[in-house]
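Participant: If you scroll down you'll find the structure; I have some questions about it.
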Amino acid sequence: MPTNFTVVPVEDSAAASPDPEDGVERVQDDEVAVDSGPETCAEGDESPLEDSPFMSNSDHESSCYDGKNMALFEEEMDSNPMVSSLLNKLANYTNLTQGVVEHEEAENDRVAVKSPQMGTFIGVYLPCMQNILGVILFLRLTWIVGTAGIVGSFLIITLILSGGSYYMISRSLGPEFGGAVGLCFYLGTTFAGSMYILGTIEILLMYIVKSAALFGMNDLTDPEEKTKAMLNNMRVYGTCCLAFMALLVFVGVKYVNKLALVFLSCVVLSIMAMYTGVIKTAISTPNDTVCLLGNRSLQNGNFEVCRKTEMRGNETQPTQLWELFCKGSLHNSTCDEYFDLNNVTEIKAIPGLLSGVITENLWGSYGPSGMLVEKKEQPSISVSDKTEERYESPARTYVVNDIATCFTLLVGIYFPSVTGIMAGSNRSGDLRDAQRSIPIGTILAIATTSIIYISCVLLFGASIEGVVLRDKFGESVKSSLVLGTLAWPSKWVIIIGSFFSCCGAGLQSLTGAPRLLQAIARDKLMPFLQVFGHAKANGEPTWALLLTAAICEIGILIASLDSVAPILSMFFLMCYLFVNLACAVQTLLLKLLLILLLSEMCCRPSLLFSCSMIYIEYSGAEKEWGDGIHGLSLNAARYALIKLEEAPPHTKNWRPQVLVLLKLDSDLVVKHPRLLSFTTQLKAGKGLTIVMCGDGTFLKREFESGYLDACAQNVKAAMSAEKSKGFCHVVVSSNLRDGFSHLIQTAGLGGMKHNTVLIAWPANWKQKENPITWENFTETVRETTAAHQALLVAKNIDLFPSNHERLGEGTIDVWWIVHDGGLLMLLPFLLRQHKVWRKCKMRIFTVAQMDDNSIQMKKDLQMFLYHLRLDAEVEVVEMHESDISAFTYEKTLVMEQRSQMIKQMQLSKTEREREAQLIHDRHTRSHPAAHKDKVSPSPDGVHMTWTKEKLVSERSRNREASMAVRDLFNMKPNQSNVRRMHTAVKLNEAVVKKSKDAQLVLLNMPGPPKHTGGYENYMEFLEVLMEGLDRVLLVRGGGREVITIYS
């Protein structure tokens, strides 16, 4: 499951029309805007180089609300529409990464695309199998087993197996790394095409149509001249084959896909013939033999009989083999010394599975170029051969190494066999469901081919003679393909299968490489490559194909498969290094991995140094020496902040960077430390956390010496106890409301700013007649909304689990009512990454109205979660129109009566204080001398003097108060408040019924009143909405998140 996803803000648009300001094209209904960004996003939320598809809510009627079930959310329906009206759009947008049709169009013009239809088997499994089961398996694996031995071959395969790629690299590591490594991956894929074509021509000229060789190769006897002629043949035939394959790819990828199944069928038949032949060797061995002179293997293409002499009639006559080593007649000849001293022996090329030859093939036999291929167990009389005769004189008919061999060389030659694992991801744009097909198809292909390669190493070593395994071109078995001698019923099954396998793999490389180049060009990272981003009307990258063919021709001109293989290995190794690095960045293990990697590349003392440094850093060393590392860290931090400031963060990088607002009691102890615990569980020590504290009492008093330091130390101690990593600061302000307002707007530095505010629900707000409590809370909601920041409000925060608890069972229930950015989806996923919540299951509830199709809504929501790769249960709760109950009416009436009563009490108290202050001021002015040296009494200590006018005024006020009380009991509730209370009551009933036993309930938080009045009513609505639930998290999105399935 991915660690990052975001949600697209939705806005209304009447029709699809281009926006001249940002180049955005609006799309109606369920269409996908291939190159677009939401108009409501803040500047910088969308990058011009990475546009994300978004859903345009063009149906105005679906976003308008005229019922009473969801009246609590109706004021924000324009910006935060109901989920029920959006699910179909959210679930049915096309996932296009890279392929025939790129999801990122470089131009503003919208391109009509067809939905890709290839599934897992055709689109991923077959291409991967074709690329992996190719030239190396049929042409080089036997030679690798013979040279490295069974143990060394197992080591090579294990080493390599443990080790849409361009898109993942570029989006994980950024354009600098991604563009450069993507280019390496493109070149590796291109040279892979060269290697497969060279393998095709090698099979054609050496094993199928030997007479087709040009330049008189078959008539040459000098090995050097013969090698040069062979290379020239590879160049000529390879160029022709490349031109034909490029033409086939240019015509259309659908023809390549149709041929893929045919080619793979031939490969499967070849592998079956190979396994059948191995099994048959346990019963009867093939007739193929190898001729040994002493312990040296001989090329038997120039002689028929493996003897020095033979009887012809009654006479002993020399054989063709004798003539190769001797000059003159049989009785008067000069022969090679080694030929004279050693006998000629004929042995089975395929001794069989039960022959015990596996013990001879366990270990490797490396050597320089020209080294003789020898059977060490065979008796032999050595002679004093000079080095140049033994290794550099191939005029003899011995089988020799054509290149110097070592373990690293064999790794480089074998490595291209596994580069086909990305053949499926390179064509993800052609897939019907890329996120499902790529992992399933790739893993199945890797598992299948791994079993084949490992079993082949074991079976080859157990059934084929060692000197035959080390014979790369089969010169000791009549210049036949070594695997062909093992196959049953005929060697031609293997030869034809390997030929078509190489052809298919070459076509796959020529199909994938141009699309990689097209993706790089469309990102506009390298201006000189932009021309290669253009495509034909059907999406085929014509110019990219031409460049790919030209680069592929360079590999063909090298003409040696063994020379081309290490080149593409280097490109792929660089690419895979950064694939692993990209995964490390996603898990924030980059530092440790890089240190260990450098250690392995250097020496053992470096490994000890690296481990020591890691231990000292994480053990919490507190020494401060004023060293240069801290200065370097400061410069690095400054550089990083400036880089972050250059461009706003991309929406895919959005994570909750939390500003936690704490309060301290009279003893300067944090009131709700579980806020810090919850932050730790949400952030897991990653990202930005800012902790601010303040209280309306101590912010007004005179600051004692060390007072603020004590506050900060207490907060830091609480953060340390709750394992919350972040920054702590105590802010001085005239009142709590202004302090929180300033913090929300200004906390952070440069690009390191918070985007989410976390506060606790004021549980005792009803117990205070002073409205300052709920006014502060409501103003905080308004200010976070105005600042486009998300808000998290935790009810009963002290009941939330600590970091030491483990919730064994239970659920995290998400009630998704309105679409305000999708933070509701992200939070439970992040929480479940922490060990406290890891075992909790995720459930998502949404509400269906009377006109909604609840069955279709459930399907759409499941599809939407599938796109996001979220594992959650889905349930649609039907809330049909119902009459407002007497309970709801009465509850609204009591709420408004209480609100009115509090206002009158507050007004009466204010008037009394004002009048007392006025009398005090008059008394002070009339007796200035008496008060000159005295401390002025407080207004509360002034005694009022009653006059006739004052008595009449007081009686009038009392009559008005009594009339107001009578009006209070005769008043009727506001209908808008009744509808809002109805929403809160009905929704609370549904939530309590479904989620009362949930470990945590996440709810959409309704917006605050647009006007300053009605704060206490808003608090009452929220209180009713959460009534009867233990742990509740009200979530209000900031509107800047976007939905994207691209990781």
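Cβ atoms are placed via backbone N, Cα and C, with glycine included.
Annotations for this protein, taken from TrEMBL, read as follows:
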type	residues	note
REGION	1-60	region 'Disordered'
DOMAIN	125-281	domain 'Amino acid permease/ SLC12A'
TRANSMEM	137-161	transmembrane segment
TRANSMEM	195-215	transmembrane segment
TRANSMEM	236-253	transmembrane segment
TRANSMEM	259-278	transmembrane segment
TRANSMEM	398-418	transmembrane segment
DOMAIN	398-583	domain 'Amino acid permease/ SLC12A'
TRANSMEM	438-460	transmembrane segment
TRANSMEM	481-507	transmembrane segment
TRANSMEM	542-561	transmembrane segment
TRANSMEM	573-598	transmembrane segment
DOMAIN	673-789	domain 'SLC12A transporter C-terminal'
DOMAIN	793-1047	domain 'SLC12A transporter C-terminal'
REGION	921-943	region 'Disordered'
Participant: Name the range, of those listed as 137-161, 236-253, 481-507, that has the largest tally of Cβ pairs under 8 Å with the transmembrane segment (398-418).
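Facilitator: Top-ranked stretch among 137-161, 236-253, 481-507: 137-161.
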Participant: In the same chain, which residue numbers or ranges, 6 or more beyond the ends of the transmembrane segment (481-507), come under 8 angstroms Cβ to Cβ?
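Facilitator: Contacts with the transmembrane segment (481-507): 130-131, 133-135, 137-139, 142-143, 192-193, 196-197, 199-200, 203-204, 207-208, 241, 245, 248-249, 256, 259-260, 262-264, 266-267, 269-271, 273-274, 276-278, 280-281, 286, 288, 349-350, 420, 460, 463-464, 468-469, 471, 474.
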Participant: Any residues 6+ beyond the ends of the transmembrane segment (195-215) with a Cβ under 8 Å from its own?
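Facilitator: Cβ under 8 Å, 6 or more out: 134-135, 138-139, 229-230, 232-234, 236-238, 241-242, 245, 416, 473, 479-481, 484, 495-496, 498-499, 502-503, 505-506, 509, 552, 555-556, 559-561, 564-565, 568.
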Participant: Same chain, outside the transmembrane segment (236-253) by at least 6, Cβ under 8 Å from its Cβ: which residues?
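Facilitator: Distant contacts of the transmembrane segment (236-253): 100, 193-194, 197-198, 200-201, 204-205, 212, 214, 259, 430, 503, 506-507, 510-511, 514, 538, 540, 542, 545, 548-549, 552-553, 556, 559.
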Participant: Can you give the mean pLDDT for the domain 'SLC12A transporter C-terminal' (793-1047), rounded to a whole number?
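Facilitator: That region's mean pLDDT is 74.
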Participant: For the transmembrane segment (542-561), find every same-chain residue at least 6 residues outside the stretch whose CB is under 8 Å from a CB in it, and list them.
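Facilitator: Hits for the transmembrane segment (542-561): 135, 139-140, 187, 190-191, 193-195, 197-199, 202, 231-232, 234-235, 238-239, 242-243, 246, 249-250, 510, 513-515, 517-518, 521, 531-536, 567-568.
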